[in-house]
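Annotation comment: TrEMBL describes 12-28, 34-53, 65-88, 94-113, 125-146, 152-172, 184-203 as transmembrane segment.
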């Protein structure tokens, strides 16, 4: 009846995109604590969607669909959502527009570069070339928490600079070590601690 591969193996990819949309709605209503919580959850979905998908027996066509789906969900999770955050929280006219364009172009360039090399040397190498856009799901919420502890206005003031730094990191022609099992555990703990802090802050 409908096009697509609506398989359980794609559940986390779809869920991550849905959580990012929810996060955007909270950004627009300026409920940033909830926005960051849903941003983190979307990032966790992306962190584990590949491993989750490989638990299932999939045809070649289903695997190809899953790869494309993951990349397009990354566009929502780690490109569109940060842009909404930047524009809503730190809009300062044409300069913000330029920064937003820079981030968008750098992020889609990084995604295109990764997709082109997905079956090549970078996939087998123990390092990335440039910072993966998925790291934004950890960088933005953690920086938000740090800023909220220091001063409530710091996040909005510093956000454009953070976006510029990430934009440059995405297309930086340098080797960045891929996280090992221990690093993934650290990422998970950091995400859980950040989420716990935001939940306590909401309920306090």
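Cβ atoms here come from the backbone N, Cα and C positions, even for glycine.
Curation plays no part in TrEMBL annotations; they are all automatic predictions.
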When counting Cβ pairs under 8 Å to the transmembrane segment (152-172), the leader among 65-88, 94-113, 184-203: 94-113
Tertiary contacts of the transmembrane segment (34-53), as residues 6+ beyond its ends and Cβ separation under 8 Å: 9-13, 15-17, 19-20, 22-24, 26-27, 66, 70, 73-74, 77-78, 81, 85, 134, 136-138, 140-141, 144-145, 184, 187-188, 191, 194-195, 198-199, 202
